[in-house]
């Protein structure tokens with residue numbers, strides 16, 4: 001015999017459902033450099049952990065994830081979902097996503113509700129077809145006071161996501177000019193109906209750092225060290241100044257390059273990108289883009305460091321080998337270490353600079369330019385130690 005929920009789920013398969021996961025928020029209330037959607041659960045970022053759990057239920061015909069364009073470029077390395085650029089508000093992100101929805105129903109949730117499990121999804125979906133929106137909620141157990149008056153807490157609900165909506169009803173509701181904080185409120189304001197069902201505490205939303213302690217479904221990030229190697233060369237130019245390792249070098253030459261030609265910083269950028277799995281310097285700072293003409297390589301490195309933190313990486317150490325017949329850099333090593341460490345946000349002892357020659361071999365040996373090999377090690381930010 002099938003029970004009611006099983007029969008309801010079997011009936012739900014007669015309907016098509018798209019899952020929208022909203023991940024375009026700035027995490028401004030999270031108070032860390034890392035965006036919460038990039039916290040790691042094992043080796044996976046939080047958004048992928050949530051999407052994968054939902055996908056494995058088999059309930060959804062399509063999965064859409066909203067985020068910023070920068071995030072989307074990196075997200076594509078993890079999974080083949082439909083990614084949509086988010087808007088300035090949650091509602092605008094939802095509108096953008098709905099342009100890609102052609103299923104009868106849509107389930108909308110926030111990636112920050114990371115402990116949504118199959119049982120909870122099954123419960124929500126089992127109510128498909130009963131109203132324009134299915135809304136999970138939690139009861140209030142504390143006394144509620146508004147404007148110095150005590151409110152009957154039996155009349156107050158803590159509304160959660162995910163919420164299941166009839167797609168046509170939600171699209172119509174969002175044509176209104178008002179801003180709504182959840183889907184069902186928009187649908188009801190537009191004359192639609194909603195059904196409340198009891199939610200679950202484990203669907204708590206990560207908003208503040210302390211919320212992480214409430215989520216038992218999340219395992220710690222992997223402790224693996226991620227390593228990358230970068231290599232770059234630049235020929236000398238008899239015009240301009242020489243910048244190497246983030247500092248100005250006393251030399252009769254500069255470097256022939258699109259930017260300021262700091263070959264050591266360029267190799268380091270590639271090493272960091274390699275460790276993070278984020279491509280290469282040509283992808284992030286293309287040399288055919290006029291905005292990088294004459295660019296200060298220190299600023300490019302600083303931009304990358306911000307991105308690495310944003311995506312949940314911590315720089316462990318870097319090691320840079322400079323191969324050159326000239327200039328002699330022995331007296332510049334400490335200044336390079338201090339400058340690079342200040343940009344990376346790590347202690348100077350974690351930045352190593354080595355110099356070598358090529359024993360007069362090749363273009364470096366002929367004094368035509370400089371080559372650099374850089375190594376970088378990263379780890380995932382460990383949010384369990386906050």
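One is the number of the first residue shown, and numbering goes on along the chain from there.
Placement of Cβ uses the backbone N, Cα and C atoms for every residue, glycine included.
Among the candidates 204, 208, 258, 266, the residue that Swiss-Prot names alongside 232, 234 for the divalent metal cation site is 266.
Within the model, the region '2-C-methyl-D-erythritol 4-phosphate cytidylyltransferase' (1-225) shows a mean pLDDT value of 91, rounded to a whole number. Classification of residue 232 (divalent metal cation binding site) by DSSP places it within a strand. Looking only at the recorded sites 36, 153, 205, the one with its C-alpha closest to residue 281 (4-CDP-2-C-methyl-D-erythritol 2-phosphate binding site) is 36. Residue 358 (4-CDP-2-C-methyl-D-erythritol 2-phosphate binding site) has 232 as its nearest neighbour among the recorded positions 29, 153, 205, 232, 266, going by CA to CA distance.
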